[in-house]
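Student: To start, I am sharing the structure in question, which I have written as structure tokens.
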Amino acid sequence: MASQVRLRLLPSARCLFDEPIQVKVAGLRSRQVVSLRASSTDDKGTVFSSAATYRANGNGEIDLKRDPSLSGSYVGVEPMGLLWSMTPDSLHKRLQKINALNPSLVKFSVHEEAGEGRILAEATNERILMGDGVIRVPVKEGNIRGVLFTPPGRGPFPAVLDLYTFGGGLSEKRASLLASRGFLVLTVALYGHDDLPKNIKEIHLDYLEEAVEFLKKQTKGSSKKVGVISLSKSGDLALSVASYLPDVEATVWINGCSANVALPLYYKKRQIHSALMFDLKKVIPTESGAFNTKYVLNNPLAEENKGSLIPIERAKGHFLFVASEDDLNWDSKAYVDEMVERLKRHGKEKFESVSYPGAGHYLEPPYGPYCPSSFHGVLGKPVLWGGEPKSHAAAEVHMWKKIQDFLRNHLSSDAAQNRAKL
């Protein structure tokens, strides 16, 4: 009988978005073949779903930590496969989690393999973006527009500025999850949020300096040093923050560029970097309707583009460079190689780098659906991000721990080993 089949999510049906869960099924017939499915709707109403076929053992049990998927969205033993293999119900969509207060709800279900696929059991996984006790405060102070996330407890906590990616608006997911792991995090918008302009033609480093100063003033910060985390276009902004501003002790650069891309950078009313531009004739169309832009960006080392190259050799703090080897947005790995070579040439040793084969451009906190393509804020069309789902998912798990270790290592005072607990 269907009522005897049980679907369990361990250790709990409620967890942080970046935590793994164990999916177990019991009460099936011996060796029964069933379909396990997962579905989730994001903040924009896009439905993501996955399905995989499993065979129960002699006791009528399935454990995703032990048993392989025989077919479907993925094959083999993949304990979190139902999550990272979810695909959207329309092309070129990325999972949008706009507000950290809204958890991501994932419905897991077990279906008969034959016939209509009748539901035998179901359970909902509430994947929260803010750990219990994390405080979320919208910030509208001076020019700053963003959100500050503070972990529970007295602190002090390592302080981090989260520069998410380009395309306007505010992104809270990564910042709130870092706060849930014991970091004091300010995420800021550059444009397209609150009373900020809808679009911009230039970026002012003064704005990011104001954000760094705001973080340093927080009483729960562990020191007067701050960290910066970035992704894509904001990677070069993070490099500029580290190179020109004092007290930036740790910079995480994820799949960015070594030069100032797309918009000129100003500081104290003077242009300090020209914009490295794109050659749109090099865009490669594909059958999916998304474009391959890997070789579109002009060469930052060419003489005429030297004004866009960021002088990271001036930075006093530490760098963590993270590159995906199958990034199709641009050649992140080549930019890392160039930066590492330049730092070594200047006798600088405060850097580490990691690169991931088979991973694409959009490296995020783990266990979200892999995104092969989505709308590009600058090009105004869908682009391919690259990567292969399984490798990309594994890269996100490894990277997320590496980032936290790096930031904690360089920003924590001895008193700051006060980890936030869910």
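One-based numbering along the chain as shown.
Positions of Cβ are set from backbone N, Cα and C atoms, glycine also.
Here's the feature list from TrEMBL:
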type	residues	note
ACT_SITE	S232	active site, charge relay system
ACT_SITE	D327	active site, charge relay system
ACT_SITE	H361	active site, charge relay system
DOMAIN	203-412	domain 'BAAT/Acyl-CoA thioester hydrolase C-terminal'
Student: If I take the alpha carbons of H361 (active site, charge relay system) and S232 (active site, charge relay system), what is the distance between them in whole Å?
Tutor: 8
Student: Can you count the other CB atoms that lie within 10 A of the CB of S232 (active site, charge relay system)?
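Tutor: Counting Cβ neighbours of S232 (active site, charge relay system) within 10 Å gives 27.
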Student: Measuring Cα to Cα, tell me the gap between D327 (active site, charge relay system) and S232 (active site, charge relay system) in whole angstrom.
Tutor: 10
Student: Express the predicted model's confidence over the domain 'BAAT/Acyl-CoA thioester hydrolase C-terminal' (203-412) as a mean pLDDT, rounded to an integer.
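Tutor: The answer is 97, the mean pLDDT of the model over that range.
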Student: Run through the Cβ atoms and count how many others sit within 10 Å of the one on H361 (active site, charge relay system).
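Tutor: Within a 10 Å radius of the Cβ of H361 (active site, charge relay system) lie 27 other Cβ atoms.
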Student: For D327 (active site, charge relay system), list the number of other Cβ atoms lying within 10 Å of its Cβ atom.
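Tutor: Other Cβ atoms within 10 Å of D327 (active site, charge relay system): 26.
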